[in-house]
Amino acid sequence: MLQRSVFFLSDRTGITAETLGHSLLTQFDGIEWKKHYASFLDSAAKAQAVIEQINTIAEQEGQPALVFSTLLDPVMLASIRRADCVLFDFFETCLGTLEAVLQQPPARIPGRSHVLRQDASYFRRIAAIQYALNSDDGANAKILADADVIVVGVSRTGKTPVCVYLALQYGVLAANYPFTPEDMGAIQLPPLLQPLRKKLFGLTLNTSRLQSIREERYPGSHYASFAECQRELQWQNELYRQFDIPSINTTDVSIEEISASIVNRAHLERRQHGT
């Protein structure tokens with residue numbers, strides 16, 4: 001398999017460079033990416049150390065390294081450009097056009113996107129995260145009715161991380177409820193969920209994927225057997241069908257895509273701004 005080295009550079013956390021860079025790299029199959037991360041590059045000495053690493057790796061591999069950057073310092077960027085690399089500069093790609101359109105120079109202050117602004121949206125996110133934790137796995141039935149959306153599914157379908165992401169990114173009050181073997185008699189909603197049917201959103205998985213996830217946690221158990229996973233998923237998916245519960249198969253879908261789909265299909269867009 002073809003291998004390429006790729007660097008993610010930032011003068012702050014590096015989250016933006018990594019997220020955008022990864023989104024681009026996933027469009028190319030058959031390549032093993034050797035990833036290197038350098039965050040908080042806030043001095044010439046740190047930048048020089050990274051440049052030396054880039055040049056060393058490029059020489060070893062006989063090809064330029066790929067570099068995704070959100071650096072704002074023009075002097076530091078100029079130094080990186082002289083390294084043996086192909087530079088993808090996310091900020092410069094857009095800032096020049098924005099400057100021309102807005103007729104205003106950018107501030108070029110690192111970390112502005114991560115500054116905590118204590119407005120209504122900020123406080124809603126904090127409250128939503130606390131709600132997601134308090135209502136995890138249907139733990140607090142008394143607050144379930146407060147949810148904007150209730151994510152349902154059998155064990156190990158990814159409900160908890162989705163709810164936390166919905167809270168963190170969108171400020172959505174997301175509860176989750178796990179279907180257990182005790183629920184799986186007749187095809188009917190558990191009594192607790194019956195009055196909340198309109199708030200439900202289902203997660204499902206391919207049987208082989210669910211078995212793999214469960215096997216990692218409880219190897220060799222009945223809970224992790226293919227037959228049990230198949231039985232639970234068949235019951236769950238029929239429940240979704242009969243009660244017209246919107247759902248998404250998460251087998252090959254990222255948590256970001258799952259969450260965006262829930263926000264869109266459950267018509268929760270406006271709530272991400274605290275309204």
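Count begins at 1; order follows the chain as displayed.
Glycine residues also receive a Cβ, built from the backbone N, Cα and C atoms like all the rest.
Swiss-Prot lists Gly153, Val154, Ser155, Arg156, Thr157, Gly158, Lys159, Thr160 with the feature ADP binding site.
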Per 10 Å Cβ neighbour count, which of the binding-site residues Gly153, Gly158 ranks highest? Gly153
Per residue, counting other C-beta atoms within 10 angstroms of the C-beta, which of the binding-site residues Ser155, Thr157, Thr160 reaches the highest number? Thr157
What count of other C-beta atoms do you get within 10 angstroms of the C-beta of Arg156 (ADP binding site), across all chains shown? 22
All chains considered, the count of other Cβ atoms within 10 Å of the Cβ of Lys159 (ADP binding site) is 26
Secondary-structure category, per DSSP, in which Thr160 (ADP binding site) falls: helix
Please report the number of other Cβ atoms within 10 Å of the Cβ of Val154 (ADP binding site). 26
Beyond the site residues Gly153, Val154, Ser155, Arg156, Thr157, Gly158, Lys159, Thr160: chain residues whose C-beta lies within 8 Å of the centroid, for ADP: Asn176, Pro178, Leu203
In terms of DSSP three-state secondary structure, what is the assignment for Val154 (ADP binding site)? strand
